[in-house]
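What TrEMBL records for A:38-57, A:64-83, A:89-107, A:114-130, A:173-193, A:224-243, A:258-285, A:297-316 is transmembrane segment.
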Amino acid sequence: MLNTFMQSRLRGLVILALILVILPAFLGNPFHYELVTQMAIIAATVVGLNLLVGFAGQISLGHAGFFGLGAYFTGIATGTYGWSSVPALVVGAIVVGAIAWIVGRPILRLKGHYLSMATLAVGFIIAIILNNERALTGGPDGMPVPAFEIFGWELSAFGRYSLFGITIEGFQAWYIFASVVLLVAVWFALNLIESPIGRALRSVHGSEVAASVVGVNTAKYKSLVFVISAIYASLMGSLYAHFQGFITPAVASFEFSILFITMVVLGGMGSTFGVILGAVVLKLLPQVLADFQELEHVMFGLILMLTMIFMPKGLLPTLTAFVSKKMRKKAGGEA
Amino acid sequence: MTALVEVKGLDKAFGGVHAVEGVSFSVEAGQVYSVIGPNGAGKTTLFNLITGLYTPTKGEILLNGESTAKLEPNELAERGMCRTFQQMQICMNMTAIENVMLGRHLQLKSSLFTTLFRLPSLRRNEAAARKRAAELMEYVGCGDYLDAEASAMSYGALKRLEIARALAAEPKVILLDEPAAGLNAVETAALEDLIRKIADQGTTVMLVEHDMKLVMGISDRLLVLNYGRVLAEGTPEEIRQNPDVIAAYLGG
Ligand SMILES: Nc1ncnc2c1ncn2[C@@H]1O[C@H](COP(=O)(O)OP(=O)(O)OP(=O)(O)O)[C@@H](O)[C@H]1O
Ligand SMILES: [Mg+2]
């Protein structure tokens, strides 16, 4: 029975859930919780980006733009106009999805460097708008965002809540919330990949002509996955804004876009759990190397380059291949 | 009776090179129709035109009486046309059986909602598609590779896998571009059986092939191209006796 479980398609998801359940035992203070909650939100974003980059073989160097749009839509709708969080998040995702569809149709005809440049430009334009629309966004100084609110109930990192008779701190509640969101994001991604739609997406990567002659409308599927990944980014941007309580245009910046892509490439393009590992490593790295903060961007560039040269499949797939090779060797030795 | 595929005055020029020039012919449903000719004669270009990957410079192609001029390859697939490639087009980022299941794309419509929640209807359809794909892989003779990564398969197995993928689409007409290239004698014999089986089930087959024994044995009609133009058209017997063909192509 354990065996069938280990081969089942949800194995990874169950392992991730276990890790998320056990993890609090190792989290000493609110700062740790904050870091891990950010990790989960960013990880869910790159799980969405990986659908576009890892599975459909397209690229977006402007994905922080969609993340930032989601964050600011939530910030403005809840902060300035007093919307409730859930409608803000949903309407924001629909608006961002529509924007992604409109810009995606023409630019996804481009390939390689041209597509990189076009998506880069999309990210830049969004960042510039967020910087310049001071009346709406507060400009470069940023804007405060109210706590996440649902049915009049507020989820604040500084609150204190009673859950099934147990009192938990706000940052712990956020950790639970973000964990559930990550698990759902991963579950959706896994379901999507292993479906007719997912095969069509992967075939766009594998061979666009093969896809088209068996009836896949490649342009439609590229747009679809671009929109889906933008919606992932928008939703996570919205949550990020609530969690941080304050946002600046940095959330839509080029640096953030590159960080996302580096997480995907480092963790393993086309590996849903790999890119989560990528997010964890790249969120941890600046903590470990706090003394080299000004070199952060150089470091990310270096990581991106070194991964592509020495570990093109990414961290997790390379590790799994290594481990299974070792195990095979061992099994072979015993036989 | 209208032909299944009708080609009228087809021209394709790449810059100064006329790869296909003034080509006309028609293929009746149920036939095995072969296109032969020396290297560079324009056979692959002709297939690319018929399947919508290239746009003709001049001329017209009708599928079941409908002009294909404005149709994309995927829309032609919807109308029952599928093909394999001389330069194999396999999705190396998938397993073997997933490649074949991809061929069932048009039969497997499911909404995004159904997909994200993996509702029972999707699971049922996937299981059925998988079963069908496994049968097809068995049928073309690569049943040993079901869950192998496509990148781990041999050349001959990949060629058959590509045919299985095309068959999975349940096409009315299947175009095979040099399916025997690179195969040994045993594999070629197996391929001949396979093409016969496909034709016997009522699927129209268009074939580009250099292996004369295979082509002459299996075809109902042949089109001979030379430098992009039609040199001859007819039954294998007529082609064998055609003086132009003998002079220019069969070499004596
Ligand atoms: N995309 C292209 N761009 C430019 N020239 C092309 C292109 N495709 C084919 N050609 C040219 O058109 C001519 C016919 O090529 P094609 O590939 O159709 O020949 P073929 O009959 O399939 O040959 P083979 O038996 O070698 O496969 C050749 O001269 C080739 O160089
Ligand atoms: Mg050819």
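Our numbering is plain: 1 for the first residue shown, then up by one each step along the chain.
Every residue, even glycine, has its Cβ placed from backbone N, Cα and C.
Those TrEMBL annotations? Automatic predictions, nothing curated.
Counting Cβ pairs closer than 8 Å and at least 6 residues apart in sequence, the transmembrane segment (A:114-130) and the transmembrane segment (A:64-83) reach three or more and so form a contact.
Counting Cβ pairs closer than 8 Å and at least 6 residues apart in sequence, the transmembrane segment (A:89-107) and the transmembrane segment (A:224-243) reach three or more and so form a contact. Within the same chain, residues 37-38, 41-42, 44-45, 47-49, 51-52, 55-56, 58, 60, 63-64, 66-75, 78, 85, 88-89, 92-93, 95-97, 99-101, 104, 108, 145-148, 155, 157, 174, 178, 181, 185, 192, 197, 201, 251 sit at least 6 positions outside the transmembrane segment (A:224-243) and bring their C-beta atoms closer than 8 Å to a C-beta of that stretch.
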